[in-house]
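Participant: Pasting the relevant annotations from TrEMBL:
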- 1-43: region 'Disordered' (REGION)
- Cys32, Cys46, Cys49, Cys55: [4Fe-4S] cluster 1 binding site (BINDING)
- Gly85, Lys86, Gly87, Gly88, Val89, Gly90, Lys91, Ser92: ATP binding site (BINDING)
- Cys258, Cys261: [4Fe-4S] cluster 2 binding site (BINDING)
Amino acid sequence: MAPSLEAEPDSVASVLANPQKPQLVAPEPEHCPGPESQQAGTADSCAGCPNQAICATAPKGPDPDIPLITARLSGVKHKILILSGKGGVGKSTFTSLLAHAFATNVEQTVGIMDTDICGPSIPKMLGVEGETIHVSSTGWSPAWAMDNLAVMSIQFMLPNRDDAIIWRGPKKNGLIKQFLKDVEWGDLDFLLVDTPPGTSDEHLSVNTYLKESGIDGAVMVTTPQEVSLLDVRKEIDFCRKAGIKVLGLVENMSGFVCPKCTYESEVFKATTGGGRKLAEEMGIAFLGSVPLDPRIGMACDYGESFFDSFPDSPACRALKGVVKGLAMEMGLDPEVVMPEEDDA
């Protein structure tokens with residue numbers, strides 16, 4: 001018989017309620033004081049328990065760094081998570097495009113926190129791959145891709161850009177905490193958090209550390225085919241269980257329009273209705289479809305702004321629509337967030 005997830009000692013609700021809970025090697029006994037208790041590992045009921053040493057050395061009580069994180073991020077107006085659950089849907093590319101879209105308004109300051117620890121690609125896309133972290137008495141300074149666009153990534157800490165990061169969960173979580181607690185983000189209008197695929201360590205950590213300071217919500221990124229939608233459904237379920245508002249869903253790589261014959265090809269065919277149908281089923285906003293454009297890949301490779309180079313492209317127009325839809329879901333004025341350009 002296959003093991004039941006419900007029979008595991010750490011249920012979904014338990015993990016979300018106690019994200020710092022240590023990994024136990026055996027189920028908690030009947031009279032267990034709890035791994036977070038001050039008596040953990042020392043109570044009479046702990047004698048002979050396989051978890052005794054683990055519980056005795058585990059952190060007790062609430063994380064003392066959360067108030068420090070909240071204070072550090074007090075100048076950040078809006079925090080948005082970029083999620084998908086699925087790798088290869090263009091999540092980091094979309095994050096960089098969304099940041100550039102917000103930054104087209106020179107009155108707004110935008111930051112990107114790259115929490116994809118094992119596969120950081122944001123610095124390359126923003127043209128700051130060669131930057132390093134500068135440390136001062138007030139904290140770490142992010143790299144600035146533009147006058148109003150900052151980024152922080154583990155890429156800046158690597159001796160060689162091709163070095164692999166081979167870390168277990170606790171070390172990843174520790175770095176994410178440092179990105180929030182020690183980085184001088186300053187006054188930002190938007191902080192975009194680019195996440196890796198899945199619903200695991202990094203996602204739990206970000207939610208835990210940001211919950212007190214407030215998360216506006218998450219933007220889901222998918223491609224049209226069902227293989228992608230399967231994982232996005234799980235990510236939406238994660239957000240609902242974790243208490244994160246889903247601001248909407250974006251269908252990336254929705255089609256390719258030939259520049260010569262203008263015929264649109266469905267590269268990733270939507271066999272079950274695609275992102276729009278999924279958004280309708282899940283009761284969330286559909287923010288729009290962004291078509292494939294090879295020039296987006298080139299802009300990312302060269303670290304350039306797609307919005308500056310191809311402002312009239314179909315993909316750019318679609319992204320502007322996504323930004324306006326996202327602004328409405330956040331209760332902001334779309335014309336302020338993404339003002340129309342003066343034709344004159």
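In case you wondered, yes, glycine gets a Cβ from its N, Cα and C as well.
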Participant: Tell me which of the binding-site residues Cys32, Cys49, Cys55, Cys261 ends up closest to Lys91 (ATP binding site) in space, Cα to Cα.
Facilitator: Cys261
Participant: Within 10 Å of the Cβ of Cys261 ([4Fe-4S] cluster 2 binding site), how many other Cβ atoms can be counted across all chains shown?
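Facilitator: Other Cβ atoms found within 10 Å: 7.
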Participant: Between Gly88 (ATP binding site) and Cys258 ([4Fe-4S] cluster 2 binding site), how far is it from one CA atom to the other, in Å?
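Facilitator: Just about 22 Å between their Cα atoms.
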Participant: Gly90 (ATP binding site): which of the binding-site residues Cys32, Cys46, Cys49, Cys55, Cys258 is the nearest Cα neighbour?
Facilitator: Cys258
Participant: Looking at the binding-site residues Lys86, Lys91, which sits with the largest number of other Cβ atoms within 10 Å of its Cβ?
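Facilitator: The residue with the densest Cβ neighbourhood is Lys91.
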Participant: Give me the CA-CA distance between Cys32 ([4Fe-4S] cluster 1 binding site) and Lys86 (ATP binding site), in Å, as a whole number.
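Facilitator: Rounded to a whole number, the Cα-Cα distance is 38 Å.
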Participant: How long is the line from the C-alpha of Cys55 ([4Fe-4S] cluster 1 binding site) to the C-alpha of Ser92 (ATP binding site), rounded to the nearest angstrom?
Facilitator: 38
Participant: If I restrict to non-local contacts, at least six residues apart, and a C-beta distance under 8 angstroms, what lies near Gly85 (ATP binding site) in its own chain?
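Facilitator: Result: Pro197, Gly198, Thr199, Asp231, Val232, Arg233, Lys234, Glu235, Phe238.
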Participant: Here the binding-site residues are Cys55, Cys258; which one has the lowest number of other Cβ atoms no more than 10 Å from its Cβ?
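Facilitator: Counting other Cβ atoms within 10 Å of each of the binding-site residues Cys55, Cys258, the minimum falls on Cys258.
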